[in-house]
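Asks: My structure is below; once you've seen it, I'll send some questions.
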Amino acid sequence: MKNSERFSAAKPLMEQGGKSSRKPGFMSEDRISELPEVLLLQILSSLPTKLVISTSVLSKRWLSLWKMVQRLEFESSRNIYDFAENVTRSLLSHKAPVLESLHLKVGDQFDGVYVGVWATIAFTRHVREFVLDLSSYHGPRVRFPTSLFCFDTLETLKLDYVYIYVPCPVSMKSLRTLHLLSVVYKGDESGHNLFASCPNLEHLVLRRGFFFDAVVNFIIDAPSLKTLLLSDPFSARESSRGYVIKAPSLKYLGIESVEGFEYFLIENVTELVEANIRNVSKIVNENILGSLKSAKRLSLDLSPLKITYPTEVMYHQLVYLEMHTHKVEWWNLLTHMLDSSPKLQVLKLIDRETRHENLEFDKKYKDQGKWNQPKYVPECLETFMWRNCNWGREEEKEVATYILRNARQLKKATFSTDPIEAKRLCKLAKRRKMREELDGVVMTSNSCHLVFEFE
């Protein structure tokens, strides 16, 4: 709902109750001031903090009303010194017994002491969500005070581009959500002690950045953790050896851009429901695919030449599989997954759009092996989708034909393609030929509906 709609929607409330002391025929233009304070605070909480504070000049009633707003958000302006002083003054003037959330985004170099001041004030107001975003800041990383990891009312903490040092366990018993983005850690113990201090942590987002820190072994030990998103796009650090994940309550796992470590080990995630694994390669010792055997839904963007897939692992719970088809020999990973997933119901393959030719180098320049057909297609397979299918290699045609021919319970097969430019009509002719070939495949499923569509 737009802000103007909030104000207009509130007007009838003022016309419903009580007698007015104003003379007949007098119409107040300041109807909103007559609303109950609780409703006014709800309205103010939906507005930018800068605008909320400016309402103090409206009238005597509004003078202190903004000080009770429970959600504050500040973003730095060009004059960083005025900004820092204004934020400090605003927080010191704030009177709400509980501060629901405080968001701070600073893009210019400033005195890092302010971070401690702001956070301390917020935590004494029993803040429940604290966000410090320095992602646009180009100065040296600001240290987040260790003493501030000791507030039990905090439920959500999001830090971006800071330096942390946690030499011993602290206390954040209420923390449920933790985001650590481009954070520098002083030694292995900082991360380990931080996670150990959050016994009720449920959601963790961890994105490492391009920097040097002293972490050698990154251990995530969180018994209550339910969702984990881990990204390490600059993982080729000389100091780092790898990751260990200990999260027995984990329901969702996302791993992206992890490469070149000595190890990546996941322990005992027997409650896992869904996982999304992308761009993982060149790890000496890892058990990523082997640890996902309890998952019901998987999305994989991997090359079987660069990751371990143990042949003895069975995915007995897997019903939905999504695979990207632009990595080297992706079809052999598909064979492994089909042979290992007896209850699979939905198979979705996703290729890169043909106009992104610079992303198609794997198909053109790698000496790829031939496709080894699976032993069978899962009996439960009902839906087969192939998005942006290009059929640039014979093996891809074999995959499509094999599934259509051998999926006994298949109900719908959909092949979608992206549009082709007029100057590439030869490719259009090849696509039409492939469509005719697939349309002529004799399928074992009598009820399968074959669909061809453009994106």
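Quick reminder: no glycine exception, Cβ is built from N, Cα and C everywhere.
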Asks: Labelled region 'Disordered' by Swiss-Prot, one stretch among 1-26, 417-442. Can you tell me which?
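Replies: Spelled out, Swiss-Prot records region 'Disordered' over residues 1-26, not the other listed ranges.
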Asks: Which bits of the chain, at least 6 residues beyond where the repeat 'LRR 3' (183-208) starts or stops, bring a Cβ under 8 A of a Cβ in it?
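Replies: Apart from its flanks, the repeat 'LRR 3' (183-208) reaches 141, 149, 159-177, 214-235.
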Asks: Taking every residue in the repeat 'LRR 4' (227-257), what is their average pLDDT?
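Replies: Over the repeat 'LRR 4' (227-257), the predicted model scores a mean pLDDT of 88.
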